[in-house]
């Protein structure tokens, strides 16, 4: 028998059971520990199709619920597949689904828990991708064997970006580098491994050399494409990515981009929500895994603060105007 769990990604202990074909309504409640009043008490209705391994999500609240950054829409429905990320409201409170095989006998019940489909190879072009119903033949590598993909586990925009020579800036047998589809700065690339690794949560010491290679490739791209530019760069990971598959951000620190539109965008790169690449490598080297603190998603709500001089700014337009003073624009 197969059962389905809804698993909060920024609070590792939280799991909500979704019985087969039963409508479950969740939102702001003690069960989810969501207290944000922008999240309705009846934000979404979830109905698990355990046999087919997906969950039907209906947005009931007024404020937007999204799957892999695609907004569902009030009273509309979308399928949530293993490997995809459901944000309960306003791109906050990330959840994923896990399916678990439960083998029953007269005297004992054994459970075999499945990972949330790391093999879906769902990656990010950093926003606005549409769900795909196409399958793609994945590459394999020593850092993770890729299995046959299930239908619809890729976001169409990313698949196109990864295969599109115009988006690719570098590739080798371990990684591909693409331009971020919605760059948050003048220069913004994503370094993505071909190996199927769903998130930092599943990274182990086995992936250490891959992480080092990703960092080295990121530095190579900076050198190759910016030359003698005086722009500063940071290389790092979002603690809780908006879409599934490990990816390293390589981003210039000017943040001069029309795609930088809101507080979440800013704070995802300018608080501890952004994990430095070298810090992640050191963590894996010393502890064998990456630890993300509970409540990390709350960092996205912090006031806007200039990353250069720490001045508080009331809005994104005023922050952008302020930043021009630092880079002389």
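In case you wondered, yes, glycine gets a Cβ from its N, Cα and C as well.
As annotated in Swiss-Prot, motif 'Nuclear localization signal' covers the listed stretch 111-115 rather than the other ranges in 106-110, 111-115, 116-120, 121-125. Per Swiss-Prot, the listed range annotated as motif 'Histidine triad motif' is 245-249 (candidates: 245-249, 250-254, 255-259, 260-264).
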